[in-house]
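The following features are taken from TrEMBL:
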BINDING   D279, K289, F324, K338, K342  CTP binding site
DOMAIN    6-176  domain 'Flavoprotein'
DOMAIN    186-396  domain 'DNA/pantothenate metabolism flavoprotein C-terminal'
REGION    1-190  region 'Phosphopantothenoylcysteine decarboxylase'
REGION    191-398  region 'Phosphopantothenate--cysteine ligase'
Amino acid sequence: MALAGKNIVIAVCGSIAAYKIASLIRLLLKADARVNVVMSKEATAFITPLTLSTLSKNPVLIDYYQPNTGEWNNHVEIALNADYILVAPATANTLAKMANGFCDNLLTAVYLSAKCPVLFAPAMDLDMWKHPSTQSNINKLSSYGNILIPPGKGELASGLVGEGRLAEPEEILDFLVKFSEKGLPLAGKKALVSAGPTYEAIDPVRFIGNHSSGKMGYAIATQLEELGADVTLVSGPSALKLPKGVDTISVTSAAEMLHACEEHFEAADIVVMSAAVADYTPVEVASQKIKKKENEFSIELKKTVDILATLGAKKKENQLLVGFALETNNELENAKGKLIRKNLDFIVLNSMQDKGAGFATDTNKVTIIDRSGNTREFSLKSKEEVAKDICSIIVSLS
Ligand code: CTP
């Protein structure tokens with residue numbers, strides 16, 4: 001058991017989500033972890049110290065000293081004895097204090113004294129979460145090596161619906177287990193992956209598609225998840241089993257894929273577009289099945305939006321954008337052109353000239369080209385192994 005014997009200090013802040021910490025403590029004890037709780041004064045309004053001390057089987061500490069005995073609660077000792085410090089729920093206020101070195105209560109003093117990994121699970125209303133000041137505090141904390149356990153989307157205490165819900169106790173437990181098992185290099189990172197083909201409808205029964213199976217993209221999504229990232233996979237039609245632990249959005253057309261990718265792009269730290277998106281789509285979709293009449297028949301097509309180029313144009317400094325290029329000739333030159341035109345950090349080139357590469361095979365042979373022009377050729381490997389190569393470059397650049 002990954003957490004057996006580990007001393008986990010949970011730092012509970014003043015948020016309605018503090019009630020979830022009761023369940024989390026039970027889950028952690030079941031996983032044989034030891035739990036010590038520190039709370040801010042505000043947190044005690046949402047859940048009592050008695051509840052948390054009873055569940056954790058340890059005294060709960062709130063102040064720098066015990067009000068009755070005057071005994072000092074040594075924040076340095078609490079921090080140094082911890083294997084992990086988990087700030088949950090982490091409010092906007094405490095995140096701001098942590099990011100800027102304030103220590104006006106025991107909880108933040110414990111944080112400042114920590115030498116062990118610190119994980120934080122925010123909980124707040126959606127507009128507070130989106131505010132540039134909160135986001136910049138989170139970036140600061142990440143730059144100190146603290147690890148974000150991303151909040152979920154859903155109904156918030158305000159009645160509004162959006163991002164900002166404290167991750168569920170089971171998710172936090174899962175995160176801690178994975179983190180302690182592997183030290184997960186992409187823990188706290190959000191990844192967006194596109195995979196598979198797109199189908200462009202001609203009429204209610206026909207479409208323009210391609211032979212992409214989705215294997216490469218699914219393998220990348222799986223690998224990113226195993227490295228600790230929180231992965232959203234936007235998948236065109238595919239017969240593959242959905243990857244475990246990955247949030248998969250199924251789409252059919254290029255337009256639907258664009259919409260889903262744009263929706264998740266802003267929150268993503270890592271974006272890998274491996275889908276074989278149709279370049280053209282029918283100008284009009286017939287509402288009834290087209291009957292065969294003339295000997296010759298043509299369909300008027302218009303260009304689809306280039307999803308990767310659209311995201312490349314919006315890419316921020318802290319985002320890593322990876323694309324694919326499938327080429328039959330002039331491979332390196334074409335791929336380099338796409339890398340620059342689409343504003344990518346690196347591009348994965350598949351050449352249709354290589355046996356065992358490309359669509360509907362279990363193997364792939366790729367060349368990876370980065371912005372500085374470095375070119376790395378890989379041998380023919382299973383798509384899972386190719387995904388590992390790609391993801392190890394992602395880890396080195398993240
Ligand atoms: N791509 C995309 N949206 C499109 C077309 C392509 O996001 N409408 C992405 C693919 O997911 C891939 C990269 O762009 O990561 C390159 O795709 P590819 O088909 O090789 O190139 P194109 O840009 O379509 O150019 P061409 O067809 O001229 O080779």
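Backbone N, Cα and C define each Cβ position, glycine as well.
Computed from a predicted structure; not experimentally measured.
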Sequence-distant neighbours of K289 (CTP binding site) in its chain (C-beta under 8 A, six or more apart): D203, P204, V205, R206
Filtered binding-site residues, from D279, K289, F324, whose Cβ is under 6 Å from an atom of ligand 1: D279, F324
K338 (CTP binding site) - helix vs strand vs coil (DSSP): helix
Other C-beta atoms that fall within 10 angstroms of the C-beta of K338 (CTP binding site): 21
For D279 (CTP binding site), the number of other Cβ atoms found within 10 Å of its own Cβ: 14
Cα-Cα distance, maximum over D279, K289, F324, K338, K342, record's CTP binders, Å: 38
Collapsed DSSP category at F324 (CTP binding site): strand
Local Cβ density at K342 (CTP binding site) - other Cβ atoms counted within 10 Å: 21
Where D279 (CTP binding site) sits in the secondary structure, as DSSP reduces it to three classes: coil
